[in-house]
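K.L.:
Reproduced below are the annotations present in TrEMBL:
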BINDING   ARG67, SER68, GLY69, ASN80, LEU84, ILE85, ASP86  substrate binding site
DOMAIN    15-146  domain 'dUTPase-like'
Amino acid sequence: MHIDIKILNEKIKDKLPAYATSGSAGLDLRALIDAPIVLEPSQTVLIPTGMAIHLNDPNYAALILPRSGLGHKHGIVLGNLVGLIDSDYQGELMVSAWNRGQTTFTIEPFERIAQLVIVPVVQAQFNIVDEFGESNRGVGGFGSTGVK
Ligand SMILES: O=c1ccn([C@H]2C[C@H](O)[C@@H](COP(=O)(O)OP(=O)(O)OP(=O)(O)O)O2)c(=O)[nH]1
């Protein structure tokens with residue numbers, strides 16, 4: 001798949017997202033900031049990435065996800081938990097960085113703060129019905145199969 005990407009800030013030109021290994025699902029996104037940002041516990045900041053993508057196909061979306069290491073070791077996740085990038089969005093990719101840990105964390109310029117995953121999407125059409133067809137589960141949910 002080819003995706004149009006716009007460089008909005010020349011400083012990111014030689015640091016564009018790339019798959020780290022042939023099996024990588026995510027592309028690391030870097031913080032396009034001029035100076036370190038100190039994130040206090042519980043604080044959330046919106047971090048620019050200096051780039052925009054245009055997926056241009058309703059059958060795809062991109063998800064911004066936390067980096068496992070940052071989340072596990074330092075408590076840096078996303079203020080919106082997951083960022084959803086619509087296929088018609090052309091603006092700058094922004095990362096909502098949330099320090100859910102108990103100590104300050106400093107985001108350095110160009111630090112890899114999140115990752116972008118391209119995913120397939122189905123835009124559904126809904127048929128209004130009075131009754132659904134047969135199903136094994138029916139309306140049972142929220143642990144109805146025995147999960148505590
Ligand atoms: O982490 C994120 C989440 C979203 N976006 C951009 C891409 C997305 O297509 C657009 C709108 O996001 P969303 O629909 O989730 O935001 P909203 O709060 O529902 O606002 P809107 O009224 O703009 O849809 O913002 C980002 O850059 N980073």
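Cβ coordinates are placed from backbone N, Cα and C, and glycine is handled just like the others.
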K.L.:
Starting from each candidate's C-beta and looking 10 angstroms out, tell me which of the binding-site residues SER68, ASN80 has the most other C-beta atoms.
P.N.:
ASN80
K.L.:
By a 10 A CB contact count over all chains shown, which of the binding-site residues listed here is most packed: LEU84, ILE85?
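P.N.:
Most Cβ neighbours within 10 Å: ILE85.
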K.L.:
Reported in the order helix, strand, coil, what are the DSSP residue counts of the domain 'dUTPase-like' (15-146)?
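P.N.:
Tallied per class, the domain 'dUTPase-like' (15-146) gives 8 helix, 52 strand, 72 coil.
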K.L.:
Quick one: mean pLDDT on the domain 'dUTPase-like' (15-146)?
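P.N.:
On average, pLDDT over the domain 'dUTPase-like' (15-146) sits at 96.
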K.L.:
So what sits near ASP86 (substrate binding site) in its own chain, CB-to-CB under 8 Å and at least six residues off in sequence?
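P.N.:
Non-local contacts for ASP86 (substrate binding site): LEU55, ALA61.
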K.L.:
Please check the binding-site residues ARG67, GLY69, LEU84, ILE85, ASP86 against ligand 1 and give me the ones with CB under 6 A, sequence order.
P.N.:
LEU84, ILE85, ASP86
K.L.:
Which one is it: of the binding-site residues ARG67, GLY69, which Cβ has the fewest other Cβ atoms within 10 Å in this structure?
P.N.:
GLY69
